[in-house]
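Quick notes on the structure that follows.
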Amino acid sequence: MTYGGRDQQYNKTNYNSRGGDFRGGRNSDRNSYNDRPQGGNYRGGFGGRSNYNQPQELIKPNWDEELPKLPTFEKNFYVEHESVRDRSDSEIAQFRKENEMTISGHDIPKPITTFDEAGFPDYVLNEVKAEGFDKPTGIQCQGWPMALSGRDMVGIAATGSGKTLSYCLPGIVHINAQPLLAPGDGPIVLVLAPTRELAVQIQTECSKFGHSSRIRNTCVYGGVPKSQQIRDLSRGSEIVIATPGRLIDMLEIGKTNLKRVTYLVLDEADRMLDMGFEPQIRKIVDQIRPDRQTLMWSATWPKEVKQLAADYLNDPIQVQVGSLELSASHNITQIVEVVSDFEKRDRLNKYLETASQDNEYKTLIFASTKRMCDDITKYLREDGWPALAIHGDKDQRERDWVLQEFRNGRSPIMVATDVAARGIDVKGINYVINYDMPGNIEDYVHRIGRTGRAGATGTAISFFTEQNKGLGAKLISIMREANQNIPPELLKYDRRSYGGGHPRYGGGRGGRGGYGRRGGYGGGRGGYGGNRQRDGGWGNRGRSNY
């Protein structure tokens, strides 16, 4: 989604006038960009344009030589609200304690507690209030003053905590303070994300809140043809949201450059490193002027992310909401059933029957492989359930369609792999079902975090088999921390009680009358389709070959 030329400009002198002309008489600044010769002496940044369509290896500029040639830019826009200024240190400490907020660094601005205290110009504030938000989230209360002050920062918060707006809104203010884009300029704000789904989600927020400023944005990701993305980049966009691999492709063929980037965001940095993007991230960041503002966001704080921050952030300040210890939201009810593989389908049906009692239910089912995703989806659809699958072998158009069907509730059951589900933010997911357990406890917490978001409650069901015994102790620890009921069958895998006996799998759950009555999975649900007739014949929705 792109917009026309931006006609609002911000400067420091009229910041508190709210809603005035934000151009601020910066014509000389704009001309300094328009009159500047295009091109330069390094590829991907100011690089030369020979062999424009042929990939050219990105070369790190000599910033000691290049930086003095670049125009200066504004990045500190924060004006502390008088209500914030008048709060005592003890009040601030109490607020941070109540919000489980930990800070580090020096000269950290005080947190705000309302949208008005954030000091956003009217064109931003009006967009926020139009969305009907009651108050800022914890990470926004501290993150906005940090980001608006122009400091490099690290934000550590769980998915669904409001972190996207924590960097998106200050980014919009940052853009409106800079000279307008000239033909051939790249973005002012660059957001790197691990997956196309998260990138599209970020673009939606940027479009929504940048609309009044006519700020254009482009989303650049793999899995689709480059042609449309190239056209969008050529028209000029103040914000580019990108996955690392596709952005490097665009830089190497000269379809964009990073010479105007002064606000860099690394979103879900831990996931990007988990997915092996560190070399690409480093290659990209090396192309950006070192006096930029950099914001790094992560759900966890492992040593690899710490090292990346140490290498690329300058004297950063840090805010963390919640514990650094891996934990699950206490809004989620965790149910673990110790089963054998052949019991999983019957258990799945049981929980879907429970979930479907809610007319607006959404259930996300995780499987370990693409093939298993398709197998589960095929089985469920044959059994009358409105299920669709999403995984890496499906093209982007089909993935987008599946996500849309899931979001609007026409297909309230989605089966996904971990990779396909990363970055997906769908409101109203009531149930997460781990048909196959993930390979590590971090992915378990990430999976079940798809429900119970933004203060809502949710339920996570996991089918634990003997093959998952390596996860047992850590899973029990996560459940204990969240005060969950731990089934006796699972305690076999607890280091604190290892070696103890355990009841037979599934004993005492009952209610199914035994597996024999099903007459085999193919025909045991003969009357089920009649119960789904209200769905308009889900088997004939025109996507029967999905």
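Every residue, even glycine, has its Cβ placed from backbone N, Cα and C.
These numbers come from a predicted model, not from an experiment.
Annotation comment: Swiss-Prot describes 1-56, 493-546 as region 'Disordered'. Feature annotation from Swiss-Prot assigns compositional bias 'Polar residues' to 8-17. The compositional bias 'Basic and acidic residues' annotation in Swiss-Prot covers 20-33. Among the features that Swiss-Prot reports, phosphoserine is placed at S88, S90. Feature annotation from Swiss-Prot assigns motif 'Q motif' to 113-141. According to Swiss-Prot, the feature domain 'Helicase ATP-binding' maps to 144-319. According to Swiss-Prot, the ATP binding site annotation covers A157, A158, T159, G160, S161, G162, K163, T164. Residues or ranges marked as motif 'DEAD box' in Swiss-Prot: 267-270.
Comparing the binding-site residues T159, S161 by how many other C-beta atoms lie within 10 angstroms of each C-beta, the top residue is S161.
Secondary structure at A157 (ATP binding site), taken from DSSP and collapsed to helix, strand or coil, is coil. Counting only same-chain residues at least 6 apart in sequence, those with a Cβ under 8 Å from the Cβ of K163 (ATP binding site) are I139, G143, G155, A157, D267, W297. Between the recorded positions S88, S90, T164, T164 has the most other Cβ atoms inside 10 Å of its own Cβ, all protein chains included.
Comparing the binding-site residues A157, A158 on other C-beta atoms within 10 angstroms of each C-beta gives the minimum for A158.
For the binding-site residues G160, G162, counting C-beta atoms within 10 A of each C-beta gives the highest total at G160. Note: the Cα of S90 (phosphoserine) and the Cα of T159 (ATP binding site) are spaced 29 Å from each other.
DSSP states for the motif 'DEAD box' (267-270), grouped as helix (H, G, I), strand (E, B) and coil, give 2 helix, 0 strand, 2 coil. Per-residue confidence over the motif 'Q motif' (113-141) averages out at a pLDDT of 88. Apart from A157, A158, T159, G160, S161, G162, K163, T164, the ATP site neighbourhood in this chain, defined by C-beta within 8 angstroms of the site C-beta centre, holds T137, I139, S166, A299. For the pair G160 (ATP binding site) and S88 (phosphoserine), the Cα-Cα distance reads 30 Å.
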